[in-house]
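**Q** My questions will all concern the structure given below.
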Amino acid sequence: MTIAVLGAGSWGTTLAVLLARKEYEVRLWAHRSEFATALEQERENRRYLNGVHFPDSLHIVATLPELIAWAEVIVTAVPAQALRETVRAFRDIPLEGKIVVNVAKGIELGTGMRMSEVLLDELPQLQLSQVVALYGPSHAEEVSKEQPTTVVASSPSRNAAETVQELFHTNRFRVYINTDIIGVEVAGSVKNIIAIAAGISDGLGFGDNAKAAIITRGLAEISRLCTKLGGDAMTLSGLSGIGDLVVTCLSHHSRNRHVGEEIGKGRTLEEIIHSMSMIAEGVHSSKAVYELSRKVGVDMPITRAVYEMLFEAKPAAQAILDLMNRDPRSERD
């Protein structure tokens, strides 16, 4: 099996290493040629995944069209907002018989599209049955060290999902399958926003009660958007739902939770982003999901509060107060 992994950040590198350790022929694409050269020479990603050695079967490239033509499986591990631009480079390359495994989590700004929708919109030769979303609670820092992790491979095509399951599955990286790609993608996108809210709670010095409320009511928001867009609410009880939500809201590895914590401490978004070496997808997703929720008529008060704090400079303490002072209602509304 020949596999191309697009995106040499921490997660793309981790998955490329995982697959190469299974002795597949893997090529990792880096956007900048000088970065690709450094990775190939140093045999590790010192910028994003320091200390993890590359297996001999993993090679680094910077040319995309030839790589896509060569690969049987394409893993897209670029930031969500860069997915369209990245795949546009192979719009004219035949993709028949190939599987595209997307691991980017987010909603596209401007269009409100999920990642599978972006792929199909930009690649007319691609069928939805060829697309698999690989999501779940899976920090690169732990997977790269072969710590136990479970994820879900989701596609309308059970055959495609099972192929990806077999491809990635190890005794330390357990892969389940699921056919509800809508629910999986919505959950994977919105959980980053809720993690920012959880971090804000930490930054303000609130306790476990507040964190539990944010996670629980955040899950309710995800459920409302999921069902509105055609997903199955039952998916949210799985790895891509509550599993990924909990780990992202609680973990010290979570970049989104970190952004929220710094906001809660009074730093500006510009200051926080400038100090980070990697992207927190929830920042862009908060704007995209807020706009999408208004478009489709779904009430998402936590998402709205995060949007207001990030993009309208609303004080964090005031945003929390406004959430708490909303009209009383049924828990199931």
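A Cβ is built for glycine as well, from the same backbone N, Cα and C atoms used for every other residue.
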**Q** Besides Lys105, Gly136, Ser138, Asp244, Ser254, Arg255, Asn256, which of Lys191, Lys211, Lys295 does Swiss-Prot list for that sn-glycerol 3-phosphate site?
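**A** Record check against Swiss-Prot: sn-glycerol 3-phosphate site with Lys105, Gly136, Ser138, Asp244, Ser254, Arg255, Asn256, extra candidate from Lys191, Lys211, Lys295 is Lys191.
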**Q** Figure out which of Ala62, Ala71, Ala140, Ala313 sits with Ser10, Trp11, His31, Arg32, Lys105, Arg255, Ile279, Glu281 in the NADPH site per Swiss-Prot.
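**A** Record source Swiss-Prot; matching candidate: Ala140.
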**Q** Give me the count of other Cβ atoms within 10 A of the Cβ belonging to Arg255 (NADPH binding site).
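**A** For Arg255 (NADPH binding site), the count of other Cβ atoms within 10 Å is 24.
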**Q** Have a look around Asn256 (sn-glycerol 3-phosphate binding site) and count the other CB atoms within 10 A of its CB, chains all included.
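**A** Taking every protein chain into account, the count is 27.
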**Q** Given a separation of at least six residues and a C-beta threshold under 8 Å, show me what packs close to Ser10 (NADPH binding site) in the same chain.
**A** Asn45, Tyr48, Leu49, Ala140, Glu141, Ser144, Met278
**Q** How big is the gap, in Å, between the Cα of Asp244 (sn-glycerol 3-phosphate binding site) and that of Lys105 (NADPH binding site), rounded to a whole number?
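**A** Distance (Cα to Cα, whole Å): 11 Å.
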**Q** Can you tell me the three-state DSSP label for Ser254 (sn-glycerol 3-phosphate binding site)?
**A** coil
